[in-house]
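Pulled from TrEMBL:
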COMPBIAS  314-341  compositional bias 'Basic and acidic residues'
DOMAIN    21-294  domain 'Sugar phosphate transporter'
REGION    304-341  region 'Disordered'
TRANSMEM  38-59  transmembrane segment
TRANSMEM  75-93  transmembrane segment
TRANSMEM  132-149  transmembrane segment
TRANSMEM  155-173  transmembrane segment
TRANSMEM  216-238  transmembrane segment
TRANSMEM  280-296  transmembrane segment
Amino acid sequence: MGEMSGFQLGVIGALFLSVASSVSIVICNKALMSNLGFPFATTLTSWHLMVTFCTLHAAQRYNLFESKSIDMKTVMLFGILNGVSIGFLNLSLGFNSIGFYQMTKLAIIPFTVLLETLFLNKQFSQKIKFSLFLLLVGVGIASITDLQLNFVGTILSLLAIVTTCVGQILTNTIQKRLNVSSTQLLYQSAPFQAAVLFVSGPLVDQFLTRQNVFAYKYSPIVLAFIILSCVISVSVNFSTFLVIGKTSPVTYQVLGHLKTCLVLGFGYTLLHDPFTERNMIGILIAIFGMGLYSYFCTQENKKKQSPDSLASQLKDKDETPLLAKDKDDHEVKKSSKDSLV
């Protein structure tokens, strides 16, 4: 019972940290990009990951956490996949309307459920599916304004959905099967994510904004907001890996839509963004759907705490690197990890 209470407190703490840090960085980045005219989102994300890695490296050197050796091919492919997914999301936003981009983000939940059902044999009850449906309807009402379609934008959105879902599922699966913490996984994969975005970011941003990040004139206030954004990003990246590792990719996406509702609310109160009855109705429906999802998940988790269920979970653990190819049909045992967005 004590371990279960500690686990629940850890989950609550991870969820709170994720919400607080994500809402903070969205407000910071909105001020940076909208008010101060710094539009280079992909390049900024690469800086976030670099600062995150440097922070974790310093923490590891001071023995604040133990670094675990992870199969290099696994962690490299995982890091590249996550970096590519961020790039596709930014390109999707650049080629699509805001409404279609929001539809892309909404589609991540049902696609994740589909992938976990087909490939991981995970079962979702009708109650869970109904609560997710309510959540999606509410967020859709609150955030979607228009749906302008184009071929290139649609392809990029599909690629963004697939890479994001697969990356988040691997974050959860790798961490649990290879028995590594969220910190260890983030520490190992952040350099590869940062490298992908550091190389592609300036090109993507120049293509989308017609501006060169290296030719931009950095004022002191812009530099201050960039530094603040990078500092907050350490907490965002850490809490993302932490939440997915302690819960599931679907729960993380549900949490992401809670952040969307909070950002809409804070945007209205702090930044005086337009806010209508439609926004309010959508947020209330979404919050109700999130409440039902949390309640149903809690009820189902209680049913899973039987000795037979725990024994089955232990039996299912596998230490084989998930992304490494084994041509000789033998397992290469490595200790490894789990995990953003």
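Glycine is treated like the rest: Cβ placed from N, Cα and C.
TrEMBL annotations: computationally assigned, not manually curated.
Panel annotation: around the transmembrane segment (75-93), residues 41-42, 45, 49, 101, 104, 153, 156-157, 159-160, 163-164, 166-167, 170-171, 174, 185, 188-197, 200-201, 204, 208, 323, 336-337, 340-341 of the same chain, lying at least six beyond its termini, place a Cβ under 8 Å from a Cβ of the stretch. Segment contact is absent for the transmembrane segment (38-59) and the transmembrane segment (280-296), given fewer than three CB pairs below 8 angstroms at sequence separation of 6 or more. Averaged over the domain 'Sugar phosphate transporter' (21-294), the predicted model reaches a pLDDT of 85.
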